[in-house]
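Trainee: Handing you this structure, nothing more for now.
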Amino acid sequence: MSQTLYVVKIGGNVIDNPEACARFLKAFAQLDAPQILVHGGGKVATQVAAKLQIETQMVDGRRITDKPMLDVVTMVYGGLVNKNLVAQLQAEGCNAIGLTGADGGIIRSVKRPVKTIDYGFVGDIEAVNGEQINAILSSGLTPIIAPLTYSAEGLLLNTNADTMASATAVAMSEAFEVNLIYCFEKKGVLSDPDDDDAVIAKLIPATYEEYKTTGAINKGMIPKLDNAFAALNSGVTQVTICHADELANAVSGGAGTAIVL
Ligand SMILES: Nc1ncnc2c1ncn2[C@@H]1O[C@H](COP(=O)(O)OP(=O)(O)O)[C@@H](O)[C@H]1O
Ligand SMILES: CC(=O)N[C@@H](CCC(=O)OP(=O)(O)O)C(=O)O
């Protein structure tokens, strides 16, 4: 059996909360196997854009990214958020290296074609260079990946962080038993969005469809779960959605929602 690799995604609401983020990073640094962190930061990007009087527009969980907004997300994800996470992880004894998808050519995408909606500079992932990521891991570094990718034409493109985590997990599953963990500010996928304790222990596709129909699962949770099921369908061993404070328990299936086929 191949070695375990943790691919962990941390969402923007936790990144925006310094105490919660620090607790999460401590637990991440202490994982007992090689690990990759994919981070979001949508909330911080929205706040910085507002300060610059740039309005945020989201469609189906994706940010409409015109040139001014691309400049904001490049600064926020590739700079402010990524480098602060790296610095904090260094203090926790984790030799983190901050990367966008463009660095080392690790994640290439194509600019989303304009259909009914023009998303602007948003990338749909085409290829993840698992060998390059493996080489980084083998040198003892822990990749901290920002939600930016590059195109064959040399564009930098804004890319959903949940999708980055799923695609990275799939690529790495050729060489590792990948355990993909989505960490956010709730205890898991909830059967009642108004009850923070109504955590679904195990979610299968049929139940997911039912909860979507009733509306109990909505908004940002839909693309997250689509990414989670896509990962399981393409070779990832284990997928969990959990509270950022529960990472240590979630790696062994002891917390959050287990996504199963
Ligand atoms: N059934 C549900 N259980 C938990 N969260 C849900 C559910 N339905 C919708 N959500 C929403 O999904 C959000 C998580 O998705 P998203 O906003 O993309 O977060 P992030 O990328 O920061 O992890 C939660 O903040 C919550 O508001
Ligand atoms: C294209 C697109 O929508 N990109 C996302 C990338 C950040 C992200 O996914 O952040 P969270 O995980 O914190 O939501 C955005 O700009 O909001």
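Sequential numbering from 1, following the chain as shown.
Just so it is clear, glycine is given a Cβ too, placed from its N, Cα and C backbone atoms.
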Trainee: Same substrate site as Gly41, Gly42, Asn158 according to TrEMBL: which of Arg23, Arg63?
Mentor: Arg63
Trainee: Measure the Cβ-based neighbour count of Lys224 (site 'Transition state stabilizer'), defined as the other Cβ atoms within 10 Å of its Cβ.
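Mentor: I get 24 for this one.
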Trainee: Can you tell me how far the Cα of Gly42 (substrate binding site) sits from the Cα of Lys9 (site 'Transition state stabilizer'), in Å?
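Mentor: Just about 13 Å between their Cα atoms.
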Trainee: If one measures from the C-alpha of Lys9 (site 'Transition state stabilizer') to the C-alpha of Lys224 (site 'Transition state stabilizer'), what distance in angstrom results, rounded to a whole number?
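Mentor: Their Cα atoms are separated by 11 Å.
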Trainee: According to DSSP, which kind of secondary structure is Gly42 (substrate binding site) found in, if we only use helix, strand and coil?
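Mentor: Its secondary structure by DSSP: helix.
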